[in-house]
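Please read the structure below before turning to the comments.
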Amino acid sequence: MSLITTISTWIIPCIILFVLVVATMKKLPTYEIFVEGGKEGIKMAISLLPFLLGMMVSIAILRGSGAMDAMIAFISPFLKAVGVPSEIVPLAAIRPISGTAALSMTTELIKTYGPDSFIGKLASTMQGSTDTTLYILTVYFGAVGIRRMGDALKVGLIADFIGIIASIVIVTIVFSG
Amino acid sequence: MVNLIWAFMAIIGIVYAMFNGTMDNVNQALFESANEAVTLSIGLISVLVFWLGLMRIAEKAGLLRSLTTLFKPLVTRLFPEIPKDHPAMGYILSNFTANLFGLGNAATPMGIKAMEEMKKLSGSDHASRSMITFLVINTSSLTLIPTTVIAIRMQYDSSAPTEIVGTTILATCVTTISAIIVDRLFYMRRVRKNKS
């Protein structure tokens, strides 16, 4: 664990060091290039705002009204039928839609069942092994102004579903012995 | 598709609230989430400015090109549409690398740059084949060390907080590989549709 912590605290400064050393050796005007590139960041963040805001408000309405809980209750039997433990169903359903909601749900499950329980391990694995599909598509397509997403959403959601099943199978095999 | 999903989430929520007396919660959620989105976007400025600045130096110093050369066989297969020495390749690889090390903050700016370069290549506002492949790999998550999850587990006194690293990597591999396969299948379906 200490090795992992060390690596993760050293890596960013080391990348910066490496880039700056190489650029200085090549006699590049590093500071000027940095400022030039950084300017783009402000534009990008501002142009992202409406995309994020729109998506987050819509998700919040769905959650706040209680409709999302109702929908999860509705699809629960289906997920249970394919072998998803009922405690994990809400997390599995929300993982692709909202990152913050999924994280708080994972925390809740770990708190309730204990980090070393089967459910705790499964929630941990599920949280770590996929990302928030809807957020990623919103940010990346939004930032560069892509209006037609093509098959991206469909493929992303199918992959999420496979990921959920994979997590359950793997955690069951690894930790049940 | 995204227009429908977006509108339906809000419509379903509001209609549901009408019949279940949760209209107060909807109002609260509405303004809280709008606030949260602004905070999030403003918070992104620091990260975006810093990493885009640094990446510009890396690009000018030729480091992105070296990264591309290193992984050429792999990425040219994943992204056959992108010319071998195109800057998009460099950004795609930096994004993947940052993701692998769990540097989510650094991954987003590089990913956006990669999308920009890919948009220059396709020159339309439709998602190109490479964009879909790139995003699908991103949504399946490439993290090797799930730091946030480990932190939560430590907080609740796990006897082995890092125990789930192995299962997470395994599950991530399965998800990413299936994502690439599903992406290919959908691409082939598109090609067939266009032919007929």
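Cβ atoms are placed via backbone N, Cα and C, with glycine included.
No curator has checked TrEMBL annotations; they are predicted automatically.
Feature list (source: TrEMBL):
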- B:6-26: transmembrane segment (TRANSMEM)
- B:38-58: transmembrane segment (TRANSMEM)
- B:43-151: domain 'Nucleoside transporter/FeoB GTPase Gate' (DOMAIN)
- B:88-112: transmembrane segment (TRANSMEM)
- B:132-152: transmembrane segment (TRANSMEM)
- B:164-187: transmembrane segment (TRANSMEM)
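Sorting each residue of the domain 'Nucleoside transporter/FeoB GTPase Gate' (B:43-151) by its DSSP state yields 82 helix, 1 strand, 26 coil. When Cβ-Cβ distances under 8 Å to the transmembrane segment (B:132-152) are tallied for each of B:6-26, B:38-58, B:88-112, B:164-187, the top count falls to B:164-187.
Note on the domain 'Nucleoside transporter/FeoB GTPase Gate' (B:43-151): its mean pLDDT in the predicted model is 86.
Same-chain residues lying 6 or more positions outside the transmembrane segment (B:164-187) and placing a CB less than 8 Å from one of its CB atoms are 78, 129, 132-133, 136-137, 139-146, 149-150, 153.
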